[in-house]
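Now, the feature entries from Swiss-Prot:
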type	residues	note
ACT_SITE	LYS35	active site, proton acceptor
ACT_SITE	TYR253	active site, proton acceptor
BINDING	ARG130, MET301	substrate binding site
MOD_RES	LYS35	N6-(pyridoxal phosphate)lysine
Amino acid sequence: MTRPIQASLDLQALKQNLSIVRQAAPHARVWSVVKANAYGHGIERIWSALGATDGFALLNLEEAITLRERGWKGPILMLEGFFHAQDLEMYDQHRLTTCVHSNWQLKALQNARLKAPLDIYLKVNSGMNRLGFQPDRVLTVWQQLRAMANVGEMTLMSHFAEAEHPDGISGAMARIEQAAEGLECRRSLSNSAATLWHPEAHFDWVRPGIILYGASPSGQWRDIANTGLRPVMTLSSEIIGVQTLKAGERVGYGGRYTARDEQRIGIVAAGYADGYPRHAPTGTPVLVDGVRTMTVGTVSMDMLAVDLTPCPQAGIGTPVELWGKEIKIDDVAAAAGTVGYELMCALALRVPVVTV
C-alpha cells in the first residue's frame, strides 16, 4: 500500500467558484488566473473545469503551450509579458496576449517579425511598484504601441496592492485615472479582492486567482465565508502511530510540547516535505475522524503529531484532514504565519493528487 497522504481536487467546487466570480462581476469578462501551475493544483488537471472562462492568465510560456496542446483555443494572457525578444516567435505561433511593462519590450515588439499582430495589455504602475509604466508616461507609450503594425487590440491593466481593504484602491484608482486620461480603452484592474469587494474597479476584464481555488485574498476565511466559495483542494492523510504520554513527557524534535496530564497523541503521515508548513505551531487546527483538534509539537519532514483528547476513538488508520472543506487552508496558514497561496503552491510532488 502507498503512503496514505493525498490531495484531492473538487472540480465541481472550481466550477462553482467561477460561477460566483461571474455573479460578483456580471458585466466583466473573466481571466482565470492559473499561474504557478494553477496555484499548485496542476493546470493539466483543472483547466477543463474552468472551460467556461473567457480566458486564462499565467506567466510561463510552457504552461501556455500546455493549454494550447490540451485544446484551449481562447485568449491566454501572459501576466509578466515576454522575458526575451526571441520569445515573441512563440507568442506569435500560439497567439498569446502579452503584458508590456518596460521600455525594452517596446523596441522588441517594434522589431519583431510576426505573422499577425499581438494583443497587448499595457501595464500601469498604480502603486505596487513592481512592474509597469508611471501614469504620466502611459499616454506616450500607448501612442507608440498603437502606431506599431505588430500590435493588435490594446487594454490598460494594473494590479492593486491593497484591494483587501475597504479603502485600499482609492489611491491606485486615482493614478489609473491619471494614466487613462485622453484614452478610450478597455481596462483590466481587478484581482480576487477587487473582484469581490470593489465593483467600481471591474471594468472590462477581472482577473480572479485565489478565490477560484476557494481561499481568501485577505488570508482570513471569515471574509469569504458567506460568498459560497468552496475549497477545491483537500489535503488528507491517516494516523500511522499512537502514543500515550505521561504528564511531563515531551513530543518531537526539541521537545517543544509537554503533556500536562496523561494524553494520547496520534502520529500523522504528513510533514514539511509534503508541503505542510514546518512553522505550524502547537494548536494549528486539524480534523481527526471528523472531530476538530490540534497539532502538538514540531512538524517533522514526514510526520506530525496531533492531540487525540477530543477523539478518543481515533487509532491507526483514522482519517485526518490537514486542510480542505472543514479545516480551511487560510486557518492553517494563519497559524503558521503565512498565507493560503503559499501552502497551495508548496504542495510537494511526492503527494498523490486525485480529482473528484
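Cβ atoms are placed via backbone N, Cα and C, with glycine included.
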From recorded positions LYS35, ARG130, MET301, the one whose Cα lies nearest TYR253 (active site, proton acceptor): MET301
Rounded distance in angstrom between the Cα atoms of ARG130 (substrate binding site) and LYS35 (active site, proton acceptor): 17
Coarse DSSP state, helix versus strand versus coil, of ARG130 (substrate binding site): coil
Protein Cβ atoms within 10 Å of ARG130 (substrate binding site), excluding its own: 10
